[in-house]
Amino acid sequence: MSARFTVKKLGAQGDGIAETESGDLFIPFTLPGESVTAARERDRAALMAVLEASLLRIEPACRHFTECGGCALQHFEAEAYRQWKRDKVVHALKGIDCSIDELVACAPHTRRRVVLAARRSETGMLLGFNRHLSPEIISISECPISLPEIVAALDRLRALADLICATTKSFRMAVTVTGSGLDVAVYESGKLGEHQRRIASNFVLAQGFARLSIDDEIIIEPRKPVVMFGSVAVAVPPGAFLQATEAAEQAMAEIVGTHLKRAKKVADLFAGCGSFALRLAAKSEVHAVEGDAAALSALDRGARFATGLKRVTGERRDLFRRPLTFKELNTFDGLVFDPPRAGAEDQSKQIARSDVPFVAAVSCNPVTLARDLRILIDGGYQVKSVTPIDQFLWSSHVEAVALLDKPRRRRG
């Protein structure tokens, strides 16, 4: 049953929040000050109509907005949206003495990697994103966050999903734009028979895709998918982690590189395929530490075949179970760490005890970043600046890069 509500503020996930007698009510796709009708179910409600619109409401960029759950904030005026994103970092770091820069904006049509949901239905193959907080898949024909190469291939990717589908359940298709073409990594689509493998392989060849892998097994690889990290070409493994946009990666690399420019020997923790390590190696020796063997192998190959780099070494290590100790860290004079959303609490405790003079912390979660920064501050580090980066356009997520140093008097 629908009722009328007045939205008071935006929540952390970008939902509008209305205050009711029974507590806060979360209404997606609404803005502060709006009067709306919505169908309530416990503490959430589905938007039915906007009765009085905010002056900050704009036309969304995509026809699928409000059905597709991929974006939360296309209806929010650009400047107000950017301020809200920056404020997420400000609020998370409340109580930490630091300068927070303006948000680094990222343009539409720049996301190079998307994870699509797929499922065979009675009407055909669905390929797109899940509806907001729902397992239902909204099949898409456009996507204004994604690179044009992905959007132009949606029909062909849908056809490929149909060819490889061997399950009645939904499955995932990660699509990455590389210098060699589209890298398609599929997960949980079911076991392929030999006939299906041949048909899928022929389709990939005909469509010019660089690679098809299923559950990390390479089905066919006409060309190795290559990504540039600065001047270094890296052949990335199936399902490799990459920053969402190349522009955001470049912005982060420049911020980190400037901070660590005086370091002669740098540690890159949670190094992935080398997006920081291989750029930093242009000026510094780098020791890259990463838990994923395939990613570390890709980094190593990229370094070995590159020219003009300082020495690059690699170490496979689970930094959650076995963080580098402060004694190990003391052999470096610069450090960057870029952990998953959970942050790097145990590793931060070791960094805090170390004498590394220059540290850069990269995070996609301001809450865990705040926790890790507090650990470093308590260990004698000073936060020089924090830069929010909007690489997850129109979502509630925001990246941030924090730069720290430890004054000489606080070392040892």
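Using N, Cα and C of the backbone, Cβ positions are placed for all residues, glycine too.
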Per Swiss-Prot, Gln243, Phe270, Glu290 bind S-adenosyl-L-methionine; matching candidate in Asp215, Asp333, Asp338: Asp338
Matching residue for the [4Fe-4S] cluster site, where Swiss-Prot names Cys68, Cys71, Cys143 - out of Cys62, Cys165: Cys62
Cβ contacts of Cys143 ([4Fe-4S] cluster binding site) (under 8 Å, same chain, 6 or more positions away): Cys62, His64, Gly70, Val114, Ile150, Val151, Leu154
C-beta crowding around Cys71 ([4Fe-4S] cluster binding site), within 10 angstroms: 25
Spatial separation of Cys68 ([4Fe-4S] cluster binding site) from Gln243 (S-adenosyl-L-methionine binding site) - C-alpha basis, Å: 22
Check: same-chain CB within 8 A of [4Fe-4S] cluster site center, minus Cys62, Cys68, Cys71, Cys143: Ala61, His64, Phe65, Gly70, Gln74, Phe129, Ile140, Glu142, Pro144, Ile145, Trp394
